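Q: Annotated transmembrane segment per TrEMBL: 61-81, 90-109, 121-142, 154-177, 189-212, 224-243, 276-295, 307-334, 340-365, 377-395, 401-422, in sequence order. Per TrEMBL, domain 'Sodium/calcium exchanger membrane region' is recorded for 90-245, 276-418.
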Amino acid sequence: MGKLDGQFEHEFEDECCVGPSPLIRNNSSPEIENHNESFSNDGEKCSISYMKYRVFRSLNIILFSAKINLLMPCGPAAIVVKCLTGQHGWVFLLSLLGVVPLAERLGFLTEQLAFFTGPTVGGLLNATFGNATELIISIYALKKGMIRVVQQSLLGSILSNMLLVLGCAFFCGGIVYSKKDQVFNKAAVTVNSGLLLMAVMGLLFPAVLHFTHTEIHLGKSELALSRFSSCIMLVAYGSYIIFQLRGQNSSYDGDTEHGESQKDEDEEVQISKGEAIFWLAIVTIWISVLSEYLVDAIEGASKAWNMPIAFISVILLPIVGNAAEHASAIMFAMKDKLDISLGVAIGSSTQISMFGIPFCVVIGWIMERHMDLNFQLFETAALFITVLVVAFMLQDGTSNYFKGVMLILSYIIVAASFYVHVDPTSGESKLPFCL
């Protein structure tokens with residue numbers, strides 16, 4: 001593609017750089033004036049043709065360069081189904097599938113923009129847009145007052161990345177390199193594990209305060225503690241980002257190594273800075289539109305499919321939302337670049353737990369919604385046990401397919417648990433059990 005692009009641009013240069021200077025003898029000559037006018041028209045045609053070429057090339061890269069973009073028509077289809085039939089089950093499913101390619105394109109555009117901004121700003125962009133899909137869905141759910149959906153979807157994203165995404169990466173990498181154990185940077189994983197345990201602590205205390213009925217001010221202390229803890233967690237995550245970007249200690253700076261390895265994989269800059277910003281805005285707006293349809297259809301889909309809202313929020317939403325990350329983590333593990341796979345899976349979990357959840361608490365504070373860190377006992381216990389299991393799996397700095405199998409099976413247990421779990425705060429009726 002690059003060769004053809006260069007040839008195309010070279011042809012335009014040949015056409016546009018032909019000047020009238022060799023033919024100019026007398027500026028007052030009518031023949032020369034006609035020639036200058038003709039040259040001006042040719043220049044305008046050249047410029048218009050080149051602009052059309054740039055637009056076509058940009059559309060081709062954004063819309064047709066990835067196979068996952070075959071799911072893009074699901075987004076408009078969800079809107080059509082909503083307007084014509086109002087069947088919430090289909091609206092939810094189509095919206096969910098329509099978000100998948102948009103999340104992948106969002107990551108692609110952020111990487112392209114990082115080429116022009118440098119490593120520091122690029123790292124901040126990745127931190128901001130890495131989980132933008134989940135945050136946009138959460139903000140729309142907050143506006144609707146669906147606080148439990150926000151909590152459960154963010155929790156599900158953490159569980160999905162730590163168990164399913166990492167487990168599949170370990171399994172596929174272990175199958176390809178079955179004769180050896182793959183190794184990764186233990187120092188970087190230790191830092192992320194520490195942050196995840198800090199996030200568990202931030203979620204655990206409001207839940208314990210609530211269930212032990214030891215609040216000083218009933219109904220207020222829990223919310224106040226959640227908002228205070230969220231601000232502390234945001235400060236901690238900001239310090240973590242600064243620490244990594246400055247690269248003071250190379251043994252902990254996992255992202256630097258990840259970035260260098262990833263540059264070897266990436267071919268080159270594919271779009272310009274202006275195009276990246278333009279498409280980033282378009283994709284973000286389209287994700288926002290589909291997120292509204294998605295959130296509105298959750299309750300209807302739960303009734304239509306006879307499925308608990310907790311299962312939809314914790315399992316289905318994150319699996320689809322993390323599909324692009326899931327694929328990239330597996331791809332890098334199969335190329336024996338496990339540090340990048342861990343950066344995708346564990347790094348994303350750290351970002352959601354230390355930035356996404358506290359950010360939603362602060363946004364809820366601004367919206368005057370009582371979003372807190374009390375994720376209820378069942379969800380908090382699931383997160384705590386998951387962090388412990390993954391931390392023990394990663395402590396020796398090696399991976400193999402058996403560890404991947406254990407993580408995947410652990411995720412299946414979590415999914416089954418949420419399938420039979422009725423959220424006590426949602427008002428769902430308990431259904432008769434049958435196999």
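Just so you know, glycine gets a Cβ as well, placed from its N, Cα and C.
Curation does not apply to TrEMBL; its annotations are automatic.
Because the structure is a prediction, the values reported are computed rather than measured.
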Q: Give the residue counts of the domain 'Sodium/calcium exchanger membrane region' (276-418) per reduced DSSP state, in the order helix, strand, coil.
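A: In the domain 'Sodium/calcium exchanger membrane region' (276-418), the DSSP-based counts are 122 helix, 2 strand, 19 coil.
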Q: Any contact between the transmembrane segment (401-422) and the transmembrane segment (276-295), i.e. 3 or more CB pairs below 8 Å with pairs at least 6 residues apart?
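A: Counting Cβ pairs under 8 Å, fewer than 3, so no.
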Q: Which sequence-distant residues neighbour the transmembrane segment (189-212)? Criterion: at least 6 residues beyond either end, Cβ under 8 Å.
A: 221-222, 225-226, 229-230, 232-233, 236-237, 240, 252, 254, 342, 346-347, 349-350, 353-354, 357-358, 372-377, 380, 383-384, 387, 390-391, 394, 397
Q: Kindly say whether the transmembrane segment (90-109) and the transmembrane segment (377-395) touch, using the definition of 3 or more Cβ pairs under 8 Å where each pair is 6 or more positions apart.
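A: Between the transmembrane segment (90-109) and the transmembrane segment (377-395), contact is absent.
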Q: So which residues does the transmembrane segment (61-81) touch in its own chain, when a touch means Cβ under 8 Å and the partner is 6 or more beyond its ends?
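A: Long-range Cβ neighbours of the transmembrane segment (61-81): 87, 90-91, 94-95, 97-102, 104-105, 108-109, 270-271, 279, 286, 289-290, 293, 323-324, 327.
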Q: Any residues 6+ beyond the ends of the transmembrane segment (377-395) with a Cβ under 8 Å from its own?
A: 151-152, 155, 158-159, 162-163, 166, 184, 186, 189, 193, 196-197, 200, 203-204, 207, 211, 314, 342, 346, 403, 406-407, 410, 414, 417-418, 421
